[in-house]
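Student: Take this structure, written in structure tokens, and hold onto it; I'll ask about it next.
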Amino acid sequence: MILNISACASNKTTQITKAQEKTIQGQHFFLNSMLTVNILDDRADKEELNKKISQLVQDYEEKFTTKSDTSEVSKISQSAGKSSVKVSNSTYELIQESIKYSELSDGAFDVTIQPLNAIWGIGTENENVPSQKNIDKALNLIDYKKIEFNDADKSIFLKNQGMSIDLGAIAKGYVTDKIIELLKQNDVSSAIINMGGNIYVLGNKNGQDYKVGIRDGFSKDPSQCFCIYKGQNISVVTSGVYERNFTKDGKFYHHILSTKDGYPIKNGIYATSIICKNSTVSDAMSTTVFTLGIEKGMQLLENMDGVEGMIITNDKKVYLSSGLKDKIEITNKEYQVQN
């Protein structure tokens, strides 16, 4: 979870207070996440913009959710092994975009992971440890290479019956980017978007960079941050084991599942944070880097232009990509930079 620095414990930075901001604030929901839009622009039409954002978010929710049988994503899954499904440009575009991260991670990131997510149910009232038989069955249904695209009519086909799609690891970033496009089209020059902890800061505050605090996931206090990043027109997204998890019979289980063995990933990583100008990329990369592990994850970050990131381990070691080393201030000295 990423927090505006005004919510983080630090006396070294100037906090942004609500009185100073004169914000226009709207709250919405998307894929079970609270979305808050703070517009720091006196010229903006509060009522009209909130209506537009609400409609935009609702439109994408109806396309991307797995909770409704009538969503485009659900229709693709229902037709798996039977027939292709014509979808909107946005659904087609987003699923195609997801393939890029599957290829970068050799399938560790895979939007056809939904059969596995469904049997674990982590973050829902049905969370449990599934049987090995059910895990093996779900794993056999995960394969991004079995998604077929037809550019002519924008249709998608899942080759095997029982396959299903979950866009949860990329959709929040995509919709954040669409909200930013909407704000720019309406001449908004400064805003803070918080999509369930995925942050985008548009423009600057009185000519100065925004200060974004990255949450200390080890703390029970969600307002505690361990570092600060200063920037503008930038997306900051974190994936961490502390976000959704449960404990059973003394064992800890989190929501980032392995497409190799079907269990929550155990590679020593506690959280990953990605910083770049595109929130779709940040969202997908935060999960991708986590699934790859420290060595391969850092290598991928160094090979991608315009994308920076960090990896936090279970023992509070921090690995920074080369472009972040002079831009991150560690405010909690329990965290130690390793490179």
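Even glycines carry a Cβ here, placed using N, Cα and C.
Predicted automatically and left uncurated, TrEMBL annotations should be read as such.
Residues or ranges marked as Mg(2+) binding site by TrEMBL: Ala169, Asp283, Thr287.
What's the neighbourhood like for each of these?
Tutor: According to its DSSP assignment, Asp283 (Mg(2+) binding site) is helical.
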Student: Show, in sequence order, which residues other than Ala169, Asp283, Thr287 on the same chain lie with their Cβ within 8 Å of the centre of the Cβ atoms of the Mg(2+) site.
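Tutor: Apart from the listed residues, the neighbours are Tyr101, Phe109, Gly168, Ile170, Lys172, Gly173, Val237, Ser239, Ala284, Met285, Ser286, Thr288.
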Student: Below 8 Å Cβ to Cβ and six or more residues apart, same chain only. Which residues does that give for Ala169 (Mg(2+) binding site)?
Tutor: Phe109, Val111, Ser239, Asp283, Ala284, Thr287
Student: Please report the number of other Cβ atoms within 10 Å of the Cβ of Thr287 (Mg(2+) binding site).
Tutor: 22
